[in-house]
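*Asks:* Relevant sequence annotations retrieved from TrEMBL are reproduced here:
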{"type": "DOMAIN", "residues": "73-327", "note": "domain 'Orn/DAP/Arg decarboxylase 2 N-terminal'"}
{"type": "MOD_RES", "residues": "96", "note": "N6-(pyridoxal phosphate)lysine"}
{"type": "BINDING", "residues": "278, 320, 321, 322, 323, 421", "note": "pyridoxal 5'-phosphate binding site"}
{"type": "BINDING", "residues": "323, 360, 364, 392, 421", "note": "substrate binding site"}
{"type": "DOMAIN", "residues": "332-419", "note": "domain 'Orn/DAP/Arg decarboxylase 2 C-terminal'"}
{"type": "ACT_SITE", "residues": "391", "note": "active site, proton donor"}
Ligand code: LLP
C-alpha cells in the first residue's frame, strides 16, 4: 500500500493505523506479482486461479481457511537459490519457516540442504528421506535426546550455541564412537533493520556466543581441543526480513576477522562459513526484495574480498533462507463471514480463521495485503481491517487494506505471502482447528498437511 501525506488533508476513511494517509490502489482487481505466487492469475469469470485451478474450486473441495501453496513456485525459488550459489556453496532451507514431508522431498529433488532446529523438525526431515549428511541441526538449548538423535543419525553439522553445548555434543559423539562435524554460532554485534523481536545478532540476546570480549575465540579454543567434534566453521545469523545487505557486510567482516585470529593462534584455516538466513520478501507492494542471484553475488564478493585482505583461503559459504523460499509461494484463503462498517473509521471484515493461522500481525505488527479472489468487483474501495474469529481484539490478520465496497459474506478473500511462519506458528487458540496446506501444481491439487479435526484435539485431551 503506498503511503503519502493525503493531498486533500485528513479524511477519516483512509487514515491508516500508523497515522499515515493512503490512497487506494488504482485497480483493486489487479494482483501484484511481487506479493502473489508465480502461477497466480484470474480466469475468465474473474476468480483467482493458482496452478490453473480456481480458488472457488479449492474452497469447495478443501474448505476454508486453507493455506494454498504453489508447488511450481516453491521449486522455482528453491532452484533459483541453488543455481545462484552454485556448486561451491550450500543452501540450507530453514525448515522453521514451513516444514512438511512433501516440502522435504521437493528440497531433496532440487538439491537443497535442510536446517532443522528441533527433534520434531529432524524427525520430519528424516522420515521424508532427506539424507542426514545434508541436514544442519540448530537450537540454543538442544536436549540431550535431540543431540544423541542428531549425532546417531549422522547429521552433516550441528551448530553449537553455548559453551555447555560444545562439551555435550563432543561427549555424546565420543560415547557413540563418532566425530561430529560442528560449527559455532557467534553473535557479531550487528542488529539487522527489522522488527525488534526478530532481530538476532545484536549481543543482548539468547542466540550464539558473542565475538565481543573474546568469548567466540575461547569457544573455538575449547572446540579444537575436543576429540568428539570436528570444527568446520563459524555461523552467523543477523536477523529477519532484511533488505539491506550492509548488515551482512559487517557480519562477514567480523566472522572473517575471527577466522584470521583462529589461523594466527592455532594455524588452522576453518573451511566453512554460514551467513544464516533472514532475506526479506514482499508482503506488500512497498517491499522490494532482492533476487537470489543478486544476493549470492553480493555475499560471495563480500566474503572473497574480506578473505583476500586477511590472506585466507575463501571458505565454502552456506546460507539458510527460509522465508525467501516459501514465504511468497502460499496464500491463505478465507471466507468472509461478516462485514461491519464503523462510521467514519473503517470496515471490519471477519474471516473464518485469524490469529491461530497467522500470528505475525499480532506478534510483530506485520503488514500484509489482501484481495477479493472469488470474483472481481468495480465497487468503490473501502478501508478495511481483516480480523479473525478469536476472542481477542488483537486478532487482526490485515490491519489496513482496501477492499471493494460491495464485499459480502460468502466472498472469498486471500492474504498473499503467508507461506513462511504462518502454518509453522499456528496454534489451537480457542480450540480453532488448524487449516490444511494444499499444494497446487499443473492443474492438480493435493493436501500435504491435512486440516485438524475435533478428534485430533480430543485425542490429546486424555481426561
Ligand atoms: N537460520 C537461522 C539460524 C535462523 O535462526 C533463522 C530464522 C533462519 C535461518 C531463517 O530465517 P528466514 O530466512 O526465514 O528469515 N517467526 C519470525 C521469524 C523468526 C526467524 C527465526 N530464525 C517471523 O515470523 O518473522
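Each Cβ is built from the backbone N, Cα and C atoms, and glycine gets one as well.
So where do these features actually land, and what's packed around them?
*Replies:* DSSP assigns residue 96 (N6-(pyridoxal phosphate)lysine) to coil in the three-state reduction, outside any helix or strand. Taking all protein chains in view, 20 other C-beta atoms sit within 10 angstroms of the C-beta of residue 96 (N6-(pyridoxal phosphate)lysine).
In sequence order, 96, 97, 98, 323, 327, 360 are the residues near residue 421 (pyridoxal 5'-phosphate binding site), counting only same-chain partners six or more apart with C-beta under 8 A.
Secondary structure at residue 360 (substrate binding site), as computed by DSSP, is helix.
Spatially close to residue 391 (active site, proton donor) yet at least six residues away along the chain are 430, judged by Cβ distances under 8 angstroms. Classification of residue 391 (active site, proton donor) by DSSP places it in coil, neither helical nor stranded.
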*Asks:* For the binding-site residues 320, 392, work out the Cβ neighbour count at 10 Å and name the residue with the minimum.
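*Replies:* The binding-site residues 320, 392 were compared, and 392 has the fewest Cβ atoms within 10 Å.
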*Asks:* Which whole-number mean pLDDT does the model give the domain 'Orn/DAP/Arg decarboxylase 2 N-terminal' (73-327)?
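*Replies:* Across the residues of the domain 'Orn/DAP/Arg decarboxylase 2 N-terminal' (73-327) the model's pLDDT averages 94 on the 0 to 100 scale.
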*Asks:* Just to verify a number: CA distance, residue 392 (substrate binding site) to residue 322 (pyridoxal 5'-phosphate binding site), in angstrom, no decimals.
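*Replies:* Here the two Cα atoms lie 30 Å apart.
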*Asks:* Within the same chain, and leaving aside 278, 320, 321, 322, 323, 421, name every residue whose CB is within 8 angstroms of the centroid of the CB atoms belonging to the recorded pyridoxal 5'-phosphate site, in sequence order.
*Replies:* 94, 96, 97, 240, 277, 279, 324, 325, 327, 420
*Asks:* Looking only at the domain 'Orn/DAP/Arg decarboxylase 2 C-terminal' (332-419), what are its DSSP counts of helix, strand and coil residues?
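*Replies:* Per-class counts: 5 helix, 40 strand, 43 coil.
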*Asks:* Need the DSSP three-state call for residue 320 (pyridoxal 5'-phosphate binding site) to compare against my parser.
*Replies:* coil
*Asks:* Please report how many Å separate the Cα atom of residue 364 (substrate binding site) from that of residue 320 (pyridoxal 5'-phosphate binding site), as a whole number.
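*Replies:* So the Cα of residue 320 (pyridoxal 5'-phosphate binding site) lies 21 Å away from that of residue 364 (substrate binding site).
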*Asks:* Looking at the binding-site residues 323, 360, which one has the fewest other Cβ atoms within 10 Å of its own Cβ?
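*Replies:* Least crowded of the binding-site residues 323, 360, by Cβ count within 10 Å, is 360.
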